[in-house]
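Below: the structure, in structure tokens.
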Amino acid sequence: MTRPRLLVLSLGGTITMTASAAGGIAPTLGAAELVAAVPGLGEVAEIEARSPLRLPSPSLTLDHVVTVAAEIRMGFGAGFDGAIVIQGTDTIEETAFALDLLVPGERPVVVVGAMRGPQQAGADGPGNLLAAALVAAAPAARGLGALAVLNDTIHAARFVRKAHTALTSAFVSDNGGPLGLVAEGRPRFFARPAPVDLPALHLVPGDMPPVALIKMAMGDDGRLLRAVPELGYAGVVIEGMGAGHVPAPLADLVGEVALTLPVALASRTLAGPVFERTYGYAGSEIDLIGRGALPAGLLSGPKARVLLALALKAGWDRAAIRAALAAYG
Ligand code: ASP
């Protein structure tokens, strides 16, 4: 039987990190070495391994992801059945969601990493990579958008989040929970995310619009938010309290900023939708939306920021951005 063809792109992260002369671990290994270290991987798929980057994932940018997305789209055009992106776990939640937006079509795109380096006891990289390949090669994974696979758990890009600094079970899916798991060498799905139909984002790298992310906290006096337009940001995401709220003294300021650039409203609670029609006090969601804030639905602050940046780069107007965020409500 012919094996599915998978494109594997390695960007760095702990999964690639070995002891460095400077102390600690740093990215060194490439995709080919990682693939070669996984017993049984060759039986799952025919793999082409490429290593475009060797970075710790806090240093990845949306421009990097735009470049990776273009390489995957080209790979799919050339006949690959699925793609795997290997990277650090710190920013998987952003990369996965950006790839979800940037790579249309049915073929699986799976983002994977590891919490432990390859030289550590109990290294989780090989097992995670094998699980990622099993998912990327599975017909049942088609049409699910980008996925993240870690700890034998399959997560939807729009919900996945790193929720622990250390454990191999660090990844969670807020709201709906994981889509499935890998057991006995087979992915099993128990949920499919509702399709979100957005216009295609075929972007070229460079000039990514800067988008600020501001988390509200008790007594915030607004000095950071006030500085956002003059600092040259093209948009801002506010992680509001609760269902999307700010202190009353900041309500006017949110309206003023929304006059000059798009202001998306997420929740610092990390689960549940931003409300739209419940609270009516100054600084509440009804008040802020009335002043021009755009509710981000179920998206976390970092994911709303990804969508806002890519939409601004694509030149979408305020109405299109509002509709895109609302699609995740
Ligand atoms: N700091 C690392 C990174 O994101 C963590 C990891 O890969 O698990 O590159």
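Just so it is clear, glycine is given a Cβ too, placed from its N, Cα and C backbone atoms.
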Legend entry - Residue from SER57, SER59 that TrEMBL also lists as binding substrate with THR89, ASP90: SER57
Inset, instruction - Give the sequence-ordered set of same-chain residues, not counting SER57, THR89, ASP90, with Cβ within 8 Å of the centre of the Cβ atoms defining the substrate site. - result: GLY13, THR14, PRO56, PRO58, GLN87, GLY88, THR91, ILE92, GLY113, LYS162
Legend entry - Alpha-carbon spacing, THR14 (active site, O-isoaspartyl threonine intermediate) to ASP90 (substrate binding site), which is rounded to whole Å: 10
Legend entry - C-beta crowding around ASP90 (substrate binding site), within 10 angstroms: 17
Legend entry - THR14 (active site, O-isoaspartyl threonine intermediate): tally of other CB atoms within 10 A of its CB: 24
Inset, instruction - Tell me, roughly as an integer, the mean pLDDT over the domain 'Asparaginase/glutaminase C-terminal' (211-324). - result: 98
